[in-house]
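Quick look at what Swiss-Prot annotates:
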SIGNAL    1-16  signal peptide
TOPO_DOM  17-678  topological domain 'Extracellular'
CARBOHYD  Asn40  N-linked glycosylation site
CARBOHYD  Asn181  N-linked glycosylation site
CARBOHYD  Asn271  N-linked glycosylation site
CARBOHYD  Asn328  N-linked glycosylation site
CARBOHYD  Asn409  N-linked glycosylation site
CARBOHYD  Asn627  N-linked glycosylation site
TRANSMEM  679-699  transmembrane segment
TOPO_DOM  700-723  topological domain 'Cytoplasmic'
Amino acid sequence: MKKWLVIVLIIAGIRCDGFSDQVFRTLFIGEGNACYRTFNKTHEFGCQANRENENGLIVRIDKQEDFKNLDSCWNSFYPKYSGKYWALLPVNLIRRDTISQLKSSKCLSGIVLYNSGESIHPGDESTAASHDAECPNAASDYYLQDKNEEYCERKINSRGAITRDGLMKIDWRIQMVFIDNSTDLEIIEKCYSMFNKPKEDGSSGYPYCGMSFRLANMAAGNSEICYRRGKNDAKLFQMNIDSGDAPQLCGAMHSDNIFAFPTPIPTSPTNETIITSKYMMVTARMDSFGMIPEISVGEVSVLTSIISVLAAARSMGTQIEKWQKASNTSNRNVFFAFFNGESLDYIGSGAAAYQMENGKFPQMIRSDRTHIHPIRPNELDYILEVQQIGVAKGRKYYVHVDGERYQQNKTQTDRVIDRIERGLRSHAFDLEKPSGSGDRVPPASWHSFAKADAHVQSVLLAPYGKEYEYQRVNSILDKNEWTEDEREKAIQEIEAVSTAILAAAADYVGVETDEVVAKVDKKLITTIFDCLITSNFWFDCDFMQKLDGGRYHKLFNSYGFNQKSTYISMESHTAFPTVLHWLTIFALGSDKETLNVKSEKSCSHLGQFQAFQMYTYTWQPNPYTGNFSCLKSAIVKKVMVSPAVDSQTPEEEMNTRYSTWMESVYIIESVNLYLMEDASFEYTMILIAVISALLSIFAVGRCSETTFIVDEGEPAAEGGEPL
């Protein structure tokens with residue numbers, strides 16, 4: 001009986017694991033490099049790991065023809081393998097004619113996305129590759145909520161959209177990971193080539209190279225469920241007894257928005273209720289997304305338009321006395337707004353409109369402090385927005401207005417449009433003007449404010465008419481290879497649009513538009529274009545390195561902190577808001593009144609513990625010289641959360657006209673590469689182990705003490721005699 005017990009214990013203790021558990025390479029995957037769960041009010045989207053999609057044999061899809069192997073589950077190449085696959089796939093093969101195969105495949109665990117290295121130029125029309133919908137932000141469209149249109153009536157992105165609702169609104173059954181590290185990609189490719197690549201006759205055999213990856217989301221369902229779980233009374237039941245903390249399962253998408261006031265109006269107890277002014281808001285969105293949200297540079301979707309606005313702001317900042325004098329006389333002002341989250345149902349502008357309605361924009365007001373005077377929706381005359389600059393077909397631009405509101409204030413609006421046209425024509429660009437009362441505004445920040453006020457007018461300047469010309473709006477592939485001619489034309493467009501912004505703004509506030517006021521700095525435009533667009537990272541150029549001055553630190557192992565990304569995210573782990581904030585301070589900040597301030601500590605004290613809180617003081621270097629100075633500016637950087645999903649919003653003020661996008665908190669693991677052996681190999685190893693154990697027991701059982709060599713002195717020592 002004892003012998004059989006020994007046998008059982010020995011066999012149970014033997015590790016009979018095959019090669020499938022022998023990981024030979026681990027690749028670190030940072031936050032933002034993989035697909036995860038996102039939510040709106042009614043649905044969940046994105047990816048979730050489960051037992052069916054974690055492991056798989058690595059295969060390649062290098063060209064269109066390779067998708068036929070996906071349809072057959074690669075049976076002709078791996079006839080003895082019955083598991084699932086991880087497919088290496090270049091991003092440019094995500095197309096209209098391939099997306100359905102990826103969605104419906106039953107043999108994929110996931111896809112490993114990477115940039116193919118093929119050059120894509122801004123005017124390339126060969127591939128529809130927008131990851132956004134045919135009707136971007138259709139659910140938040142002013143005309144839909146005003147019951148003037150049906151859902152997605154104007155398919156403005158029909159040329160570029162891969163799917164009707166966009167790739168971010170797909171609930172995938174597979175996982176996705178994006179590999180941007182060339183060394184990691186080479187390791188995966190080498191593993192495939194050594195073990196999985198079929199021979200010339202098409203055959204292959206064990207062992208194979210396998211891959212495992214897991215991203216586990218903490219939340220599921222929709223944003224309504226997520227919102228309820230985020231409330232304090234719900235967190236009480238989730239609290240960790242040891243730490244006292246309630247785990248966050250999901251949260252609203254939010255990040256910094258930037259508002260700059262060249263000529264701010266102060267508040268005070270005596271004038272807070274009587275001052276009224278009119279405003280032109282000049283705006284550009286600062287966010288984009290891809291099918292893996294963070295992988296989104298947004299060159300044309302975001303960056304070129306922002307450069308146009310920054311150049312106009314810089315020109316205004318160098319002549320600020322003239323603008324201040326004109327604003328004081330006309331009681332009209334211009335301010336700049338960079339909204340974040342606009343590609344996801346207008347998160348930033350929706351929150352700003354809500355705050356305006358409640359008297360909290362741009363700052364919370366305290367009676368014992370002087371702030372920038374609150375702006376109300378009815379004080380906005382115009383929202384001048386620019387989009388998709390740098391990719392015009394020929395030299396033609398379009399201005400988009402709301403037809404009904406245009407007819408109500410045609411004379412003044414025509415004057416603004418006329419100044420825009422003059423600015424464009426000074427650089428040999430043409431402008432197509434509004435056609436009539438039936439005009440509708442394309443997706444733009446104006447939609448948020450149109451719901452809050454019946455008179456605010458859109459003046460949207462863009463290089464498209466009824467449909468987007470650029471076919472990669474909000475896409476991983478919104479990253480171009482610019483030839484010298486394409487780069488020069490884009491810079492010319494940015495210069496022309498920036499001049500048009502200045503011309504319209506100057507006429508609105510009553511500034512005499514002489515050559516000095518209307519001139520923009522083309523050299524600065526060229527420099528920022530090369531830094532933000534052609535450089536690999538925001539701080540790779542000399543201009544941005546000097547502007548940084550050692551202030552930027554990569555605090556997180558996230559894609560947005562280590563690569564160029566314009567996605568809004570939930571935790572603000574992206575560098576771009578910081579980059580844009582510093583550039584805006586450079587454009588509008590001044591050290592004329594702070595020349596005697598010689599340290600960062602002294603500079604920061606200027607804005608602290610004072611009753612006058614209208615200005616901020618920033619210790620920042622000059623991007624041309626690298627020398628630090630204390631810059632005074634009326635620039636507000638604030639995190640904006642959609643009122644519909646903000647846990648701080650009172651229940652009675654909740655309004656579903658705002659964005660409901662949220663994200664799940666997730667746990668991301670590394671990619672593991674391992675060797676896969678045939679199941680028969682596993683059984684063979686178990687059999688060998690069992691036989692070895694039995695032979696060992698049989699051999700040991702036949703032994704006695706005389707079988708072993710014993711030191712003759714041991715018995716004497718046991719008897720107490722010395723050795």
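The backbone N, Cα and C atoms fix where each Cβ goes, and this holds for glycine too.
Note that the structure is predicted; figures quoted are calculated from it, not measured.
Nearest neighbour of Asn40 (N-linked glycosylation site) by Cα distance, taken over the glycosylation sites Asn181, Asn328, Asn409, Asn627: Asn181.
Asn328 (N-linked glycosylation site) sits 24 Å from Asn409 (N-linked glycosylation site), taking the CA atoms of both as reference points. Cα of Asn181 (N-linked glycosylation site) to Cα of Asn627 (N-linked glycosylation site): a distance of 35 Å.
By the criterion of other Cβ atoms within 10 Å of the residue's own Cβ, the least surrounded of the glycosylation sites Asn40, Asn328 is Asn328. Residues belonging to the topological domain 'Extracellular' (17-678) score a mean pLDDT of 92 in the model. Of all the glycosylation sites given, namely Asn181, Asn409, Asn627, the one with the smallest number of surrounding CB atoms inside 10 A is Asn627. Here the C-alpha separation of Asn409 (N-linked glycosylation site) and Asn627 (N-linked glycosylation site) works out to 48 Å. For the recorded site, Asn181 (N-linked glycosylation site), the DSSP three-state label reads coil.
In the three-state DSSP scheme, Asn328 (N-linked glycosylation site) is classed as helix. For the recorded site, Asn627 (N-linked glycosylation site), the DSSP three-state label reads coil.
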